[in-house]
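Enquirer: Got a structure here, written out as structure tokens. Questions coming.
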Amino acid sequence: MMGENRARVVALVVAVVVVVVGVAGNVAAAQAAVTVADLQRVAGSLQMYVDALPQMAKIRGYGFQRGQAVPINLTIGMYQKTWKFHRDLPATPVFVYGQCPDSATFPGPTIMARHDVPLFVRWENHLPASHILPWDPTVPTAIPKNGGVPTVVHLHGSAHPPQSDGSAFAWFTAGFAEKGPAWTQATYRYPNVQPPGNLWYHDHALGLTRANLLAGLLGAYVIEKPEVDTPMDLPCDDDDLHLVIADRSFNVDGSLYMNSTGVAPNIHPQWAPEYFGEAITVNGKAWPFLVVHRRRYRLRILNASNARYFNVSLSNGLPIHVVGSDASYLSAPVTVSNLLLSPAEIFDVVVDFSQSPTAEIELLNSAPYPFPTGAAPGPLNGKVMKFIVQPNGPLDPPDNSTVPDHEVPYASVTALPPTTMTRYIVMYEYLTPTGQSTHLYINGLRLEDPVTETPKSGTTELWQVINLTGDNHPLHIHLGMFQAVKMQQLVNLQAFTDCMTAVNDAVKCNVDQHAVGPVVPVPDHEKTWKNVIKVPPGFVTSVVIAFKLVDTNQTYPFDTTAEPGYVYHCHILDHEDNAMIRPLKLLA
């Protein structure tokens, strides 16, 4: 992403002189310089496939009364503890979610919610006075006056009231001692009114999202709807597994590594445009193994990395049957040989290990980093985990699961009422004269600037997302579900970029005369209602967004117009924190 490739497509070059001495509250700022070679030596010293893949504890997000599912209240805390990422690595200090310190895990417990049964969660901050990782006060950041680690929880992919969205400004420190300007309540309400699917929860504090997630504040969340799920006969129980993938680098003492010096330290002393770890963890273990039998397994794969894309495939060519993406099923399964996941993206897949020609299968990664034009993965970050296939035992139950020939026929984008508004969403990156990234904006605006995206609740909009940077960006829009319908390359890109740099207006810069290049088809396994879409560089990506429930075409059963509103942003966390994020305010 850096250097000439990036320089060709940036929207503006800036030279900013900022003098910052130290990094406030940064306990790691004084660390000796650590090189990539140092990190690779630590990661390379860890033998692959010696730790079994764990499954995180499941918390049922509903109760039962007279045989009916009913709402409940949960309390989930954030704690500092140590976690063993590998047999041969010292225990690592982490921040993690759990119902108590002893049960807190990396990633956090999986919350199993029931469709149309509200869940109330009190999120409590029990973190220490200072962070375990470096952070940068020169990007827009929640900085409490009296110390502490600001946190706030966002349920990614959920339809919920604004007060429960986890606004970046709704942060709070331990014991609610200090609270951000948008903080409203300690208990969040999740109505679970949307279609069944896979979500995840994670930290969303202003300027600290990248550090807080890197430290471990993330976990899976599932909305089940038995009348939809059960008839499909997908693999279930022990054959239904989560794979939460996250790259991490480790210091020699086992602690998590995050850079202490930025790429342009005279501007941002610590911030860097992407974090790439040398070790690949799955469910909190570095390069684990999983023993499977010759039967079908359902794998809910979440890329919880800060910036790394994963293009996963099975080493023996076994096909991957995609049945869902993010928080919805597909209308019918799609079989692929490889699967590209952006950060924050989820794919729900079935793998039939009864068809495996080998007893061992590696899950491989071939995605360049940064994506799409960076370096190819090496022998460490090119491998994810191993499956060890064993024969079925005499006591194993028969495999009655299927890959269904059809799933959930949600309304297609063409069947929805016409879009009520077309908006141009432009992604910019700003560089120093020597080509170092300083910050990223959407439409040339900051999060703190006045809101410009004000859709009406219950409507459908078309967003033309223009990417003038060198990176692919995972776009996440809170509340709404959406899908890319067209990706068209821009021609005469530099001329268009120069015009946009000058006037910041796609219509005045005649975008229609530039958006005439080749059309790249949206992959079939992404043609569903999603929570993250990939926006390729140098393209206009047409995105249809439904600000309503896509399975019923009904408006939300809560007030979407309340404060503090919602946001949309790039889900490369280093970009989101500086500051590729904008407010989204729904109107009645």
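In case you wondered, yes, glycine gets a Cβ from its N, Cα and C as well.
OK, Swiss-Prot features for this one:
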{"type": "SIGNAL", "residues": "1-32", "note": "signal peptide"}
{"type": "CARBOHYD", "residues": "Asn73", "note": "N-linked glycosylation site"}
{"type": "BINDING", "residues": "His156, His202, His571", "note": "Cu cation 2 binding site"}
{"type": "CARBOHYD", "residues": "Asn259", "note": "N-linked glycosylation site"}
{"type": "DOMAIN", "residues": "288-357", "note": "domain 'Plastocyanin-like'"}
{"type": "CARBOHYD", "residues": "Asn303", "note": "N-linked glycosylation site"}
{"type": "CARBOHYD", "residues": "Asn311", "note": "N-linked glycosylation site"}
{"type": "CARBOHYD", "residues": "Asn400", "note": "N-linked glycosylation site"}
{"type": "CARBOHYD", "residues": "Asn467", "note": "N-linked glycosylation site"}
{"type": "BINDING", "residues": "His473, Cys570, His575, Met580", "note": "Cu cation 4 binding site"}
{"type": "CARBOHYD", "residues": "Asn553", "note": "N-linked glycosylation site"}
Enquirer: Tell me, by DSSP, whether His575 (Cu cation 4 binding site) is helix, strand or coil?
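Expert: Note: His575 (Cu cation 4 binding site) is helical by DSSP.
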Enquirer: Look at the binding-site residues His156, His202, His473 and tell me which residue has the greatest number of other C-beta atoms within 10 angstroms of its C-beta.
Expert: His473
Enquirer: Can you figure out which of Asn259, Asn553, His571 (the recorded positions) comes closest in space to Met580 (Cu cation 4 binding site), comparing Cα atoms?
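Expert: Spatially nearest to Met580 (Cu cation 4 binding site) by Cα position is His571.
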Enquirer: Work out the three-state DSSP category of His156 (Cu cation 2 binding site).
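Expert: Its secondary structure by DSSP: strand.
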Enquirer: Out of His156, His202, His473, His571, point to the one nearest Asn467 (N-linked glycosylation site) in space (Cα versus Cα); all of them are binding-site residues in the record.
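Expert: For Asn467 (N-linked glycosylation site), the closest Cα among His156, His202, His473, His571 is found at His473.
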Enquirer: When you rank His202, His571, His575 by Cα distance to Asn400 (N-linked glycosylation site), which of the binding-site residues ends up on top as the closest?
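Expert: For Asn400 (N-linked glycosylation site), the spatially nearest of the binding-site residues is His202.
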Enquirer: Taking only the glycosylation sites Asn259, Asn311, Asn553, which one has a CA atom nearest to the CA atom of His571 (Cu cation 2 binding site)?
Expert: Asn311
Enquirer: Out of Asn73, Asn259, Asn311, Asn400, Asn467, give me whichever of these glycosylation sites has the highest number of other Cβ atoms within 10 Å.
Expert: Asn467
Enquirer: Around the recorded Cu cation 4 site, report the further residues of that chain (criterion: Cβ within 8 Å of the mean position of the Cβ atoms of His473, Cys570, His575, Met580; site residues excluded), sequence-ordered.
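Expert: The answer, listed by sequence position, is Met427, Leu440, Ile442, Asp471, Pro474, Leu475, His569, His571, Ile572, Glu576, Ile581.
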Enquirer: Would you mind reading off the Cα separation of Asn259 (N-linked glycosylation site) from His156 (Cu cation 2 binding site), to the nearest angstrom?
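Expert: Cα of Asn259 (N-linked glycosylation site) to Cα of His156 (Cu cation 2 binding site) measures 27 Å after rounding.
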Enquirer: Counting other Cβ atoms within 10 Å of each residue's Cβ, which of the glycosylation sites Asn303, Asn553 comes out lowest?
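Expert: Looking at the glycosylation sites Asn303, Asn553, the Cβ with the fewest others within 10 Å is that of Asn553.
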Enquirer: With a 10 Å radius around each C-beta, find which of these binding-site residues (Cys570, Met580) has the fewest other C-beta atoms nearby.
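Expert: Across Cys570, Met580, these binding-site residues, the one with fewest Cβ atoms within 10 Å is Met580.
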Enquirer: From the recorded positions Asn73, His156, His202, Asn303, Asn553, pick the residue whose C-alpha lies nearest to the C-alpha of His473 (Cu cation 4 binding site).
Expert: Asn303
Enquirer: Name the residue among the binding-site residues His571, His575 whose Cβ has the smallest number of other Cβ atoms within 10 Å.
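Expert: So among His571, His575, the binding-site residues given, the one with the fewest Cβ atoms within 10 Å is His571.
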Enquirer: Taking only the residues in the domain 'Plastocyanin-like' (288-357), give me the average pLDDT of this model.
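Expert: Computed over the domain 'Plastocyanin-like' (288-357), the mean pLDDT is 98 on the 0 to 100 scale.
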Enquirer: Give the residue counts of the domain 'Plastocyanin-like' (288-357) per reduced DSSP state, in the order helix, strand, coil.
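Expert: In the domain 'Plastocyanin-like' (288-357), the DSSP-based counts are 3 helix, 44 strand, 23 coil.
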